[in-house]
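Scroll down for the structure; my scribbles are underneath it.
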Amino acid sequence: MAISPFTAFILILTAIPFSQATLTADYYHQTCPQAENIIYQTVRNASIYDPKVPARLLRMFFHDCFIRGCDASLLLDSTVENKAEKDGPPNISVRSFYVIDDAKTKIEKACPHTVSCADVLAIAARDVVAMSQGPWWPVLKGRKDGRVSKANETINLPSPFSNTTTLIQSFAKRGLNVKDLVTLSGGHTLGFSHCSSFSARVHNSSDPSINSEFAMNLKKKCPKQNKDLNAGEFLDSTSSKFDNDYYKRITMGQGVFGSDQALYGDDRTKWIVDSFAKDEKLFFREFAAAMVKLGNVGVIEAGEIRVKCSVVN
């Protein structure tokens, strides 16, 4: 019997093991039915004003979920007593927190003390993918906001210099498998990187995995004595569109990050890269499912609903 894509996706949703809290798609159906529309409008307006917003919010969601789970701990500001995640080295370049803060302020006016910052970020991440011509999926909701955020824990974020074995181990610690790793890496389709994350690789002639012509272009953009702090490269050639071009580029030796290109040099991941490079619809289906799975990492039941995302109540 054939199963429709929608039915298959529902099966995926019901099969996901939850953390310490059970999430549901209609969690705010009674208490704040307008929440998703408020978030969508806020994110859409911000993205029109600044085209970098989609990539930034998607990255923000990844970085939040990978440290302490999806609890909005990345949104907390540092205090005199504590240096928070957003000031950890890998997160210095995370931007556009104001978009989440703006959406949360509007939601607080409509439905006070109801919608968590963690859920606002999860919904915003879905919206930026969908409005960039990528897939849409029902976001499971009901997360609580954490009260702990430590900059030194950001050392556990995946690095653009990591090899595939290190990446697989990092994802596995969060209940994510090899396919999830390759699928979620596809979020780089909206990405941009500054030179510091890849220049050492392109100036190292001993790296056989990088296309030589592509390496020359990157060297021109990022010379050894680069003084332009804004210099860098888009992670695929259609940087404002969510598509499978990222994977096509990897198959041609044009992955910007060493960690991205490494996916094509390992038999555990190469076949998945090939599959997504050939079939964009397959990538979209898998990405939607993987984002739901990522959104369940480390979800807590004992947290709070922050009134303002940058400070604990």
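Any Cβ shown, glycine's included, is placed from N, Cα and C.
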Which cysteine out of CYS32, CYS65, CYS195 is the one TrEMBL pairs with CYS111 in a disulfide?
CYS32
Which of CYS117, CYS195, CYS222 is the other half of the disulfide bond that TrEMBL records for CYS309?
CYS117
Closest of CYS70, CYS117, CYS222 to THR238 (Ca(2+) 2 binding site), Cα positions, disulfide-bonded residues only
CYS222
By the 10 Å Cβ-neighbour count, the most surrounded of the disulfide-bonded residues CYS65, CYS117, CYS195 is CYS117
Can you check which residue among the binding-site residues THR189, THR238 has the largest number of Cβ atoms within 10 Å of its own?
THR189
If you measure from the Cα of CYS111 (disulfide bond), which of the recorded positions ARG59, CYS65, CYS117, CYS195, CYS309 is the nearest?
CYS117
